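Taking it in order: structure first as structure tokens, then the write-up.
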Amino acid sequence: MDGWDKPVGAMMSEDNGSTPTSPLVNQSCADRKCYMVLHEAEKTAIGSICFLAGPFTFLENALVLGVIAATATLRQRPSYLFIGSLALADVFASCFFTTSFLDFHLFHRLDGHNAYLFKLGGVTMAFTGSVGSLLLTALDRYLCIHQASSYKVVLTRRRALLALLALWSATILISFLPLMGWRCPTGLCPPCSRLFPYIDHRYLACWVSFILVLLSLILGAYALILWRANRHEASMTGHQGAPTRGQARMRLDIRLARTLGLILLIMVGCWLPTLSFMLADVSVQLTRIQQRAFAFCSTMCLVNSAVNPLLYALRCRELRLALMRLLGGLSDRLGCCQRHVGGDTTTTLPLGESNSCSAHSESEVPRLVSCRPNTVSEMVGKQQLDMTGI
């Protein structure tokens, strides 16, 4: 039977396999012990995921942010502004989720209810901003392929910044509504959420519905992109007759389908279990086993934040080239400093070597450009060239 309706002592005795030894007391679970449901083996497994995925997520997303911030050409393009917003949200996720999850479930730290709601608001803000940035990225690619001729006019840098401002303003407002007063009126007693202390069922239902709408829009945008690519390939094949060039390389729509399939599979696989448990929490009373399963599924959202840079940022040729330039310049500066330690060095030598490093990186551009496009953005760019007959 459900552990919520039983006293904490009885619940702990049942988990240990012994007979309940305490009378009916503390049914309200005022100390939040009924939310701390993980066993030692589960703490070890989930803690390992957080300790590994948390720092890795932070480092790779911070690297993406640094490259975009340090490269003027990338900062001017809406696509990379959206990717930067995604990286920023995932940096927040690596910080807020890892610290709050480990503090609560592994170290059993009991903050005040306002402090707890602030931490939970940070987690909500991070994941809401991440999904919202994924939607802006999908819409950017949709406009790029459906309005190729007017893309630069429709989506300017100013409009992209306004979209990001609207996204993060709405995200912050929605995420901290419980801290601002929309919390469970009965404290920790039913009918409050069984997954999050102090959270009202109605707020949880609204947030889950909002995330599901965003995910549905992302799926719809990528479906339209794939449909347009398929139509374009079919029309090109009809005009050219025998697909002699298609025999040498895979069709654009097939490559696009594989890329989009990988993106959507990871996104849905990481988010759907967590959202399913939240919807179940709104409609039924979850058992302790289901609470423990939710704790594991929620770590998949952190894994999604760790995978996002590999899918959206580091697969972009221009960002990789900018990263190579930055690393090459840093390596040359460090090498110059090591060669001239103790000598009379001036700033002209490192600058000269840095410039030569940039020129050396430029010489690698043909090699990178000649590579087959492997991201949705690069496929879209290639498709635009095909449409114009270049």
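From the backbone N, Cα and C atoms, a Cβ is placed for every residue, glycine too.
Nobody curates TrEMBL annotations by hand; they come from automatic prediction.
Sequence annotations record features per position, and here TrEMBL assigns compositional bias 'Polar residues' to 15-24.
Sequence annotations record features per position, and here TrEMBL assigns domain 'G-protein coupled receptors family 1 profile' to 60-312.
Summarising the annotation, TrEMBL assigns region 'Disordered' to 1-24.
What TrEMBL lists as transmembrane segment is 45-68 (among others). Beyond the transmembrane segment (45-68), the same-chain residues lying 6 or more positions past its ends with a Cβ under 8 Å from any Cβ of the stretch are 38, 74-75, 80-81, 83-84, 87-88, 90-91, 93-95, 97-98, 101-102, 105-106, 295-296, 299, 302-303, 305-306, 308-310, 313-314, 319, 322-323, 326.
What TrEMBL records for 80-104 (among others) is transmembrane segment.
TrEMBL lists 116-139 (among others) with the feature transmembrane segment.
The transmembrane segment annotation in TrEMBL covers 160-182 (among others). Nonlocal intrachain contacts for the transmembrane segment (160-182), taken as residues 6+ away from its ends with a CB within less than 8 angstroms of a stretch CB, comprise 78, 81-82, 85, 114, 117-118, 120-122, 124-125, 128-129, 132-133, 136, 140, 198-200, 203, 207, 210.
What TrEMBL records for 202-227 (among others) is transmembrane segment.
According to TrEMBL, the transmembrane segment annotation covers 259-280 (among others).
For 292-314 (among others), the entry in TrEMBL reads transmembrane segment.
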For the transmembrane segment (116-139), sequence-distant contacts whose Cβ falls under 8 Å of one of its Cβ atoms, 6 or more beyond its ends: 79, 82-83, 85-86, 88-90, 92-93, 95-97, 99-101, 103-104, 160, 163-164, 167-168, 170-172, 174-176, 178-179, 183, 196-199, 207, 210-211, 214-215, 217-218, 221-222, 267, 271, 301, 304-305, 308, 312
Distal contacts, the transmembrane segment (259-280) - CB-CB under 8 A, six or more residues away: 131, 134, 195, 204-205, 207-208, 211-212, 215, 218-219, 222, 225-226, 286, 290, 293-294, 297-298, 300-301, 303-304, 307, 311, 374-376, 379
Close approaches to the transmembrane segment (202-227) from elsewhere in its chain (Cβ under 8 angstroms; 6 or more beyond its ends): 124, 127-128, 131-132, 134-135, 138-139, 141-142, 145-146, 174, 177-178, 182-183, 193, 195-196, 253, 256-257, 260, 263-264, 267-268, 271, 275, 278-279, 281-282, 376, 380
